[in-house]
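Visitor: Take this structure, written in structure tokens, and hold onto it; I'll ask about it next.
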Amino acid sequence: MLSGWSVLKGGNMKYWDKALLSLFMCVSTLSIAATHAVAMEGMQMTKEAREIIAHPKGTKESRGVISLQDYIVEEQAMYDWLFKNHPIFTKYGGKTVGKLVVKDRGEEWIEEGRGNDFSKASKRSGGEGFSSMMYRVARNSTLQYPNKFIGPEKCGECHPAQYETWSRSRHATTIRFPGEHPEVNNKLNDPVFDKDTASILPQGITPDVVYCTVGHIRTKFGFFDAWLLRGTYHVEGGLLKNGTGQIVAGGNQWQRTWALNLSPEVAKKIKKWVPDFPVTLEEYGDNGGYVRGLASYAAKYKKSMSFQASTSYCEVCHPWKFDFKNESEFYAALGNAKELQKHTISKGVSCEECHGAGGHLEGGSGLLISNCERCHQRFSYSPDLMRNNPLNAGKPDLALSSKFKSMGPGCGSEGSQTYFTAHYEKGMRCATCHDPHDVTGNVTGEKGIKGVSYNSEQGYLSSLYSKPKLKKECTDCHKEQAYIQSKADTHSKNSCASCHMPFMMSCENFYAIQFQDQAGFDTQRRAHIWKIDVDPARKSLVAGSTSKDPRDGKDWHFERNEEGRNFVDLMWACARTTWADKDQAEAKGCHSPVVSELKETLHFKDQKQVYNEVMGWQTPVKDKFTQVKVGIQGLYSLLEVKKLAPSDKTRVYELIEKAQDTVDLIEKDGSWGMHGFKYTKQRLDAAVEYINEAQRIMKKSL
């Protein structure tokens with residue numbers, strides 16, 4: 001071997017150098033190819049999905065019906081395709097700044113919300129069944145071909161009124177193609193507000209490689225790329241369509257609150273009150289990005305990103321359907337945004353998502369239902385609620401809470417919040433109050449916001465608020481409360497929802513600004529709980545026992561009162577900070593230390609301060625209420641033993657009835673002056689005088 005080497009070396013040194021260089025290049029090329037192959041081959045679905053795929057409990061073919069596990073099995077082909085064909089692998093060689101973390105239906109539909117733990121606590125299937133905590137799965141997914149969808153325009157032929165109201169609702173536009181964004185003049189790569197804030201699409205992502213955006217300017221915008229992969233990344237130093245630059249985890253989701261409302265000046269104001277509140281980009285940490293207003297959602301900035309097909313998460317509640325005849329046509333179109341858009345037969349929460357493919361038409365699926373729970377009853381199982389309440393033993397359903405996004409109740413959890421309220425127990429459901437065809441109402445767009453283009457035909461698209469049209473108002477049922485509130489002065493312009501349905505829900509999982517004890521600041525949607533808990537310390541939202549630090553976001557859940565129901569604590573009811581609540585804006589910011597226009601002494605920075613203020617109203621009312629009740633009881637006792645002239649007796653009874661009317665009104669109202677302090681006190685003062693006059697008549701007749 002050595003002699004041969006020597007001969008070659010001595011015989012033709014120049015030739016041998018070239019040979020070595022060629023050999024080195026071949027080895028390098030093989031190494032790179034091997035690296036790419038490993039990157040692709042190393043990608044696999046989650047252990048939950050793999051376990052179900054490997055050990056199915058029967059099959060769709062054997063049962064004749066599709067069940068939860070079959071939805072997970074059918075997604076395998078989608079992930080196999082993505083692992084081979086997404087540009088992350090074909091153009092970038094699997095190299096990303098930040099780790100790829102696969103998320104699929106197995107994890108989202110089985111494990112998320114502690115589904116496996118709930119199954120073990122359940123008696124169903126001997127504790128070995130499946131439990132989809134977050135979703136009531138749609139009957140049809142985009143992976144099933146052919147489907148019977150005909151599209152909302154076809155439904156509108158026979159249901160024109162319903163179509164028109166639906167078409168101008170946010171349900172209709174939750175999914176939009178590039179070119180359908182009049183509120184920003186379709187400039188998806190330009191900063192929306194100031195030049196130092198984010199654009200709707202992140203760096204390196206151009207409209208031609210985007211299938212759709214998700215969301216509205218009121219809250220957030222995300223995107224799905226042309227391969228129907230969730231946009232959890234951006235591209236630095238190049239463009240996705242060219243395969244240039246580098247894929248970077250996070251910095252992917254446009255956030256209205258951060259981009260518009262949380263200016264550095266506002267952030268500094270909050271930081272004086274909340275020392276850990278972030279001001280600089282660096283202080284937003286994993287949740288931040290490269291520019292103000294573009295957060296890392298389903299990602300940690302430059303550390304990790306979810307590799308997640310549309311089929312496993314967002315598409316459940318932000319759906320679309322294609323008219324492809326078979327799977328081959330579908331997979332042939334993936335990667336071509338225009339082709340996917342051309343074959344989209346419905347998008348958004350359209351008619352057939354609730355009423356079934358084809359609706360009631362001959363050949364359709366025949367479903368004539370409303371299916372709000374599919375998207376608005378996201379649960380999460382809480383071991384803490386099971387342990388902490390003896391009444392819950394053996395009843396895992398009573399230990400359910402809502403799906404939380406870190407420390408805040410997530411979007412789509414309205415129904416799971418309502419589930420543990422007196423309203424739900426009495427039979428109230430979503431459609432009791434809401435018209436599912438007209439969920440947005442007659443919303444007026446913003447005309448004076450820099451960067452927002454007002455369009456009169458689609459005004460709601462440029463609106464920063466949401467005021468849904470309601471079939472039934474609070475006052476239709478709560479007449480005593482409505483009557484007293486109509487007499488109020490201090491809170492006369494407040495709606496019921498202002499206090500009883502505070503904006504405390506997170507759409508964005510913007511955990512960097514979630515400070516729940518201070519009732520802020522990642523707050524885009526109304527809570528659906530209603531019951532205000534008057535307590536100096538008890539909190540609506542609490543960390544789980546597994547949390548080493550409350551800010552780690554582990555197992556946060558709704559606390560329960562003595563009746564086992566959810567409640568709104570005083571800080572959230574009176575002093576929350578949100579920029580999404582039209583009612584709060586019209587009420588001069590209520591008592592928020594950040595946005596309130598009231599005098600400084602009415603800016604409440606902790607719950608004890610709110611409680612003391614409430615006691616200042618309720619205590620004198622309760623004292624006088626007790627005085628009136630005792631007085632009435634005393635008069636009835638005297639009437640049993642004293643004889644009065646008929647006219648005096650009649651007058652005493654009249655006075656007692658007047659006092660009792662006030663007692664009944666105050667008792668049914670239940671706010672002890674909070675709905676209208678002065679009027680409540682005036683009624684009680686009058687009731688005291690009725691008692692006094694009745695007592696004088698009794699004494700005169702002795």
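Any Cβ shown, glycine's included, is placed from N, Cα and C.
Fair warning: this is a prediction, and the values are worked out from it, not measured in the lab.
So Swiss-Prot lists the following for this protein:
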type: SIGNAL; residues: 1-39; note: signal peptide
type: BINDING; residues: CYS155, CYS158, HIS159, HIS360; note: heme c 1 binding site
type: BINDING; residues: HIS171, CYS372, CYS375, HIS376; note: heme c 4 binding site
type: BINDING; residues: LYS220, TYR297, ARG378; note: substrate binding site
type: BINDING; residues: CYS314, CYS317, HIS318; note: heme c 2 binding site
type: BINDING; residues: CYS351, CYS354, HIS355, HIS437; note: heme c 3 binding site
type: BINDING; residues: CYS411, CYS507; note: Cu(+) binding site
type: BINDING; residues: HIS423, CYS474, CYS477, HIS478; note: heme c 6 binding site
type: BINDING; residues: CYS430, CYS433, HIS434, HIS528; note: heme c 5 binding site
type: BINDING; residues: HIS491, CYS574, CYS590, HIS591; note: heme c 8 binding site
type: BINDING; residues: CYS496, CYS499, HIS500, HIS675; note: heme c 7 binding site
Visitor: Mind giving me a neighbour count for CYS354 (heme c 3 binding site)? Other Cβ atoms within 10 Å of its Cβ, every protein chain shown.
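Guide: If we count other Cβ atoms within 10 Å of CYS354 (heme c 3 binding site), we arrive at 20.
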Visitor: On a simple 10 Å Cβ count over all chains shown, which one of the binding-site residues LYS220, ARG378, HIS437, HIS591, HIS675 is most densely packed?
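Guide: Of the binding-site residues LYS220, ARG378, HIS437, HIS591, HIS675, the highest Cβ count within 10 Å belongs to ARG378.
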Visitor: Out of CYS155, CYS317, CYS574, which of the binding-site residues has the smallest number of neighbouring Cβ atoms within 10 Å?
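Guide: Least crowded of the binding-site residues CYS155, CYS317, CYS574, by Cβ count within 10 Å, is CYS317.
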Visitor: Please report how many Å separate the Cα atom of HIS500 (heme c 7 binding site) from that of HIS528 (heme c 5 binding site), as a whole number.
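Guide: The separation of the Cα atoms works out to 8 Å.
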Visitor: Here are some binding-site residues: CYS375, CYS430. Which one has the most Cβ atoms within 10 Å of its Cβ?
Guide: CYS375
Visitor: What are the other residues, in sequence order, whose C-beta lies within 8 angstroms of the center of the C-beta atoms of CYS314, CYS317, HIS318 at the heme c 2 site?
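Guide: Apart from the listed residues, the neighbours are THR174, ILE175, VAL214, TYR313, GLU315, VAL316, PRO319, CYS375.
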Visitor: Near HIS360 (heme c 1 binding site), how many other Cβ atoms are within 10 Å of its Cβ?
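Guide: That number is 13.
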Visitor: Within 8 Å of the Cβ centroid of the heme c 4 site residues HIS171, CYS372, CYS375, HIS376, which other residues of the same chain have their Cβ?
Guide: CYS317, VAL349, ASN371, GLU373, ARG374, GLY412, CYS430, PRO436
Visitor: Taking every protein chain shown into account, which of the binding-site residues HIS376, HIS434, HIS528 has the largest tally of Cβ atoms within 10 Å of its Cβ?
Guide: HIS528
Visitor: Between the Cα atoms of LYS220 (substrate binding site) and CYS507 (Cu(+) binding site), find the distance and write it as a whole number of Å.
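Guide: With distance taken Cα to Cα, CYS507 (Cu(+) binding site) is 8 Å from LYS220 (substrate binding site).
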